[in-house]
Amino acid sequence: MASIDIAPGAGTGAHPPGPIQRVTLLASLGWFAAVAILLFWQDLTFQPLVRELALVWGAVGGVLVVLGLGGNRLGRVGRWTAQRAPWLLAIGIGAAIWTVLTAKTGILPQPFFPTPQAMLEVFIYDWPKILHSTSFSVWLLAKGFFFGAVAGFLIGVGMGWSRAVSYWATPLLRYVGPLPATAWLPLAFFIFPSSGSASVFLIAFSTAFPVAVLTWSGIASVNRDYYEIARTLGASPLFLILRVAVPAALPHVFVGLFMGLSTSFAVLVVAEMLGVEAGLGWYLQWAQGWAAYANMYAALFVMAAMCSGLITLLFRIRDRVLVWQKGVVRW
Amino acid sequence: MVAQALKIIPQQAGSAINIEAVSHRFDLEGAPLPVLDDIGFDIEPGSFVALLGPSGCGKSTLLRLIAGLDHPAQGHIRVAGAEVADPDPSRILVFQDPTLFPWRTVRANVALGLEAQGTLKSEGHRVDEAIRLVGLSGFDKAYPHQLSGGMAQRVALARALVNRPNVLLLDEPLGKLDSLTRLAMQTELTRLWQQSGLTAVLVTHDVEEALYLAQRVIVFGPRPARIVADLAVDLPYPRHRGDPRLAELRHEALGHLGLDSSW
């Protein structure tokens, strides 16, 4: 037994004394405290699903007990909990405080600040609509972002490479580019055959501007020596663009993609609120119409998850593509 | 290692270089700045020639003209009898900075020339040979940021040699290396030159380096560059750095540069 314990403990090194993670166990206590408050402190007004929510939070606490006892023996999971235990504790305490402030004391007034029970109710009864809205939003965003990124990239490469393209495109980009894409909204809904295609256009428009500018500056800042080296080695102009200029500019392009993605979120939500009859933005608007505050918080919660998830995805792709940039010395 | 490498790279014909009455100037905000003034000399095929001179005297410019990256304002440059018009893989320039493409692995960097010429599929084995020739086998998958300065410059040499050039133009290729790596790379350069049989033109402001490596050292004066001396280094390879004849020649070369008072 002892010999089994030593090996993984020595490997992680973060928590040398014993395999048990005390902070993880403490986090489970935080969650159990939230359950106790939920069950034994009388709610101000009737709240649905109290027992179900207690079950969920209790389950979280139970899992944390197991993880805390298993601790450093659990390999990857153990390392994750060791790192995240303070956050797990904070979230448990946060849940308890939230319950007290809303359901138990009413310091945060209903219905503007929904109780945790009301939030659970939204997710249990309205998840098909939320799921559908989310998938609609992601798909709309994906289409717009794809077209915008491709267009911006091509414009940027053209401007970086050709004097003629740069001469004609720079003033246009300078003048029209900074205009927020949402300003086009009334016109776009009028010009395009459907609100969906208008939204795709607007999202593409908002993405293309930063991607074009950053691709352009990326290509403009490529070390001239790279071109001379490639030319002496027998490179054609096409080779110079595709194999020298573009890869050298990629770090800039990814900054542009990140900026484009961030602004496209704003355009997406506004477009959905004002014209498109689906998506999370529309759901938010719809919930406001019914004064369903819990639904609005739920939509915000999912929206945040969606946006941060997409940004994370972009960063993962960037890390994979720009692996050569990492300053890790292996020799 | 050396015997192995000898088999790999077949003897290739170095090209003769004829430089005839070449003058060149830069345009600095409208005012012409002369950098080369009526330069003329011939380089024997397969020889190792060093161009020695103070920094900024225009010797690097001459190298760029031979590479075909710029065109001389006056005069003619012929390589293997043909007027130089454009860059060509038969004349490869190695810069002071290795300027490897950071997004490519060592292997992909060395393969660059073959890829650009569209012969990578049929001639891919030359990439491995070139990497072996500069002693970097096993580092194929490394990225440039993982290499030391000396290793990076070896990759740059492999990237040049893989094209089997007739002329290798070296623009202070060891200028940024630490002194120990520099000594090792100088020996390495002679070995590579002897094995491949190509014509090597080295630009340097290091007198000892020029004399240790080259068969002939052409000394340039300050800008606009003129030839002030043409020294034959009549010593066989491998050379010994402590050779008294080298010390003699160094004194002579420094004399031409006006720096002989300290020697």
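Here the Cβ of each residue, glycine as well, is placed from N, Cα and C on the backbone.
Annotations in TrEMBL come from automatic prediction, not curation.
The domain 'ABC transmembrane type-1' annotation in TrEMBL covers A:130-315. Under the heading transmembrane segment, TrEMBL lists A:23-42, A:54-75, A:87-107, A:136-160, A:172-192, A:198-219, A:240-270, A:290-315.
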Closest-packing stretch to the transmembrane segment (A:290-315), where packing means Cβ pairs under 8 Å, from A:54-75, A:136-160, A:172-192, A:198-219, A:240-270:
A:240-270
Is it the case that the transmembrane segment (A:136-160) and the transmembrane segment (A:198-219) have 3 or more CB pairs under 8 Å, with pairs at least 6 apart in sequence?
yes
In the same chain, residues at least 6 away from the ends of the transmembrane segment (A:240-270) whose Cβ sits under 8 Å of its Cβ atoms read 137, 140-141, 144-145, 148-149, 152-153, 156-157, 160-161, 181-182, 185, 199, 202-203, 205-215, 217-219, 221-223, 226-227, 230-231, 279-281, 284, 303, 307, 310-311, 314-315, 318, 321-322, 325
What residues in the same chain, six or more past the boundaries of the transmembrane segment (A:172-192), come closer than 8 Å to it by Cβ-Cβ distance?
155, 159, 198-199, 201-203, 205-206, 209, 212-213, 263, 266-267, 270-271, 274-275
